[in-house]
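Before any comments, here is the structure.
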């Protein structure tokens, strides 16, 4: 279209008199088209190519025929799929599921690990605009994607480096679980803790920042090149396949780490002795680091293959005028023009509305991927490893299916921008409806001193901080340590630990059962429990008879389907609402705003609301630690509130984007109609002049 407009302008200036005859004008235009394409076919190779055909797959002068099956858009899709899969697994899967283990191993507070978790978004968001502005040519974008895979590999290796530079994990002596009135030991663990481990926070942060930088090209240039190179009406499908890889990665990380955390952290170090109790032992620490070298290797291996992608696909043809303009734009990289172009995005209402929707999606995605495991674990009393596996089982079909569904619907329906936005709006409605299932809740844990009183004592007033606040006259002289080790009584009441339950005897042969528990009520009248078991407790939570978990998992599945299905539609709409030369930078602009206004504050918003539902806080060295028990009613209410509000935010933003597009489309049609009317008036005027001239000469 650019070349055609230029040809028309040349025609107007060179042969203006022929414009009065439409047939002559079309003949001249056709002749110039033929001349232009002849010049294209006969044009010599770029003087900088040195005889190399850059439309073939390979590296420098080595471009064998056996590798040309990778030279098309399908080859690019396969390589981008593996890059996106590795990136999603490392950042959104392994990091999130390993944070709690890193906290324990390196003495990091939750605030410090919170900074580590958003390091990816900081590294990505601060450089995305500069990278997308300075890299404009197709060949440079391919090289940037390959380099990004190398940077991602380096970041993942740096993140796992602390494990290889510290000694064996010292989990300390066994916790004295029973009530020991004669024990006068004080809890001096604050002075005995290893020093200097917290300094490794900066290595973790550096690794996260590098991973964020390495992911910039795949999310901006990868999407741009795929959409631009895809066959007609297939751009949405290719974008959906790429997004499916990004959705598969986090789910794989959740499932994989659910198993890796059952392997002892120092299994590869000589002299390492794991706790006797195995993964169920409270002193256990899993191999949080093991998955990082695995998937970092995937990024390392795919990098050289990405570098071999052709700078221009064989079936992609550009006019000389387009090539010249692209080179001129690539050379025009001044900072003034950078800020000028970035400011121009604020003048595109549709882009701003789409960016607002992307902020809501990023906030919801980061919040869900960070706290879904915590929600399942606490709302339904599930083990941490199984909770991670459940979350992954939901994210795999939901994320992949949603991305594929969005791309397939776009291809099947052959929708334009208006249709794509309507599909995204329908998905946001589905998100809002399914979020209501989070209001389904289980009963609170009945824990003595937290949700129920000891015997006839006063009712507790949560939130409770530390074990000292759950003591009573029955365990006051037990000198209990503050280690959280819940036990269940036959009555269904839980206690903070066997010591807090007043148990003085550990039953032989039953490592998880305790007897002679003074804090259990003596007036229990349970028909199915014998008298000799009345003062006995077992380790772990009491059985949870809540059967709502499958229903909530189904709701989370459809919520993730709706969220992922919007990806292809929004990407397609974003790429189409800006100039072709601004596509990559528009994605960078959207990514920057989405990260700083969505992805980064997302976990903070979710976390602060969920913390308000805490009933019992852990205490270490006189400082409040992690939450040990939640009020299920408030937890589900807060979880629903934030997810529903974000779904409404996304819905309104997309509706405004559709309205903006229709307004701009109407304006464009009005301008076209006005131009046609003006051309018609000029043509009539020209005919009248000719008729008038002939009448005067007769």
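From the backbone N, Cα and C atoms, a Cβ is placed for every residue, glycine too.
The average pLDDT for the domain 'Major facilitator superfamily (MFS) profile' (77-665) in the predicted structure is 79. Feature annotation from TrEMBL assigns domain 'Major facilitator superfamily (MFS) profile' to 77-665.
Look at TrEMBL and you will find 468-521 tagged as domain 'Kazal-like'.
For 66-85 (among others), the entry in TrEMBL reads transmembrane segment.
What TrEMBL records for 114-135 (among others) is transmembrane segment. Under 8 Å from some Cβ of the transmembrane segment (114-135) lie the Cβ atoms of residues 91, 95-96, 99, 102, 108, 141, 144, 201, 204-213, 215-217, 219-221, 333, 338, 341-342, 370, 584-585, 587-589, 591-592, 595-596, 599-600, 603-604, 607, all in the same chain and six or more residues away from its ends.
Marked as transmembrane segment by TrEMBL: 147-166 (among others).
Annotation comment: TrEMBL describes 287-307 (among others) as transmembrane segment.
Taken from TrEMBL, the feature transmembrane segment applies to 350-373 (among others). Only residues 6 or more beyond the boundaries of the transmembrane segment (350-373), in the same chain, are considered here, and those with a CB under 8 A from a CB of the stretch are 92, 96-97, 117, 250, 254, 384, 387-388, 391, 394-395, 424, 428, 431, 556, 559-560, 563, 566, 570, 573-574, 577-578, 586, 589-590, 593-595, 597-599, 601-603, 605-607, 610, 639, 642-643, 646-647, 649-650, 653-654, 656-657, 660-661, 664.
Under the heading transmembrane segment, TrEMBL lists 385-409 (among others).
If you look up TrEMBL, you'll see 421-440 (among others) marked as transmembrane segment.
Listed by sequence, the residues of this chain that lie at least six past the ends of the transmembrane segment (548-572) yet keep a Cβ under 8 A from its Cβ atoms are 223, 227, 235-237, 239-240, 243-244, 247, 354, 357-358, 361, 364-365, 368, 372, 376, 379-380, 382, 390, 393-395, 397-403, 405-407, 409-410, 417, 420-421, 423-424, 427-428, 430-431, 434-438, 440-442, 587, 643, 650. Under the heading transmembrane segment, TrEMBL lists 548-572 (among others).
As annotated by TrEMBL, transmembrane segment applies to 592-610 (among others). Under 8 Å from some Cβ of the transmembrane segment (592-610) lie the Cβ atoms of residues 114, 117-118, 121-122, 124-125, 128-129, 355, 358-367, 370-371, 374-375, 630, 635, 638-639, 641-642, all in the same chain and six or more residues away from its ends.
Annotation source TrEMBL lists transmembrane segment at 638-659 (among others).
Sequence-remote contacts of a segment are chain residues at least 6 beyond its ends whose Cβ falls under 8 Å from one of its Cβ atoms, and for the transmembrane segment (287-307) they are 59, 70, 79-80, 82-83, 85-87, 89-90, 93-94, 97-98, 101-102, 105, 142-143, 145-147, 149-150, 152-153, 156-157, 159-160, 162-163, 214, 253, 256-257, 260-261, 263-265, 267. If one looks beyond the transmembrane segment (147-166) by at least 6 residues along the same chain, the residues whose Cβ comes under 8 Å of a Cβ in the stretch are 83, 86-87, 90, 95, 106, 197, 200, 203-204, 206-218, 265, 289, 292-293, 295-297, 299-300, 302-303, 306. When the domain 'Kazal-like' (468-521) is classified with DSSP, helix, strand and coil residues number 3 helix, 13 strand, 38 coil.
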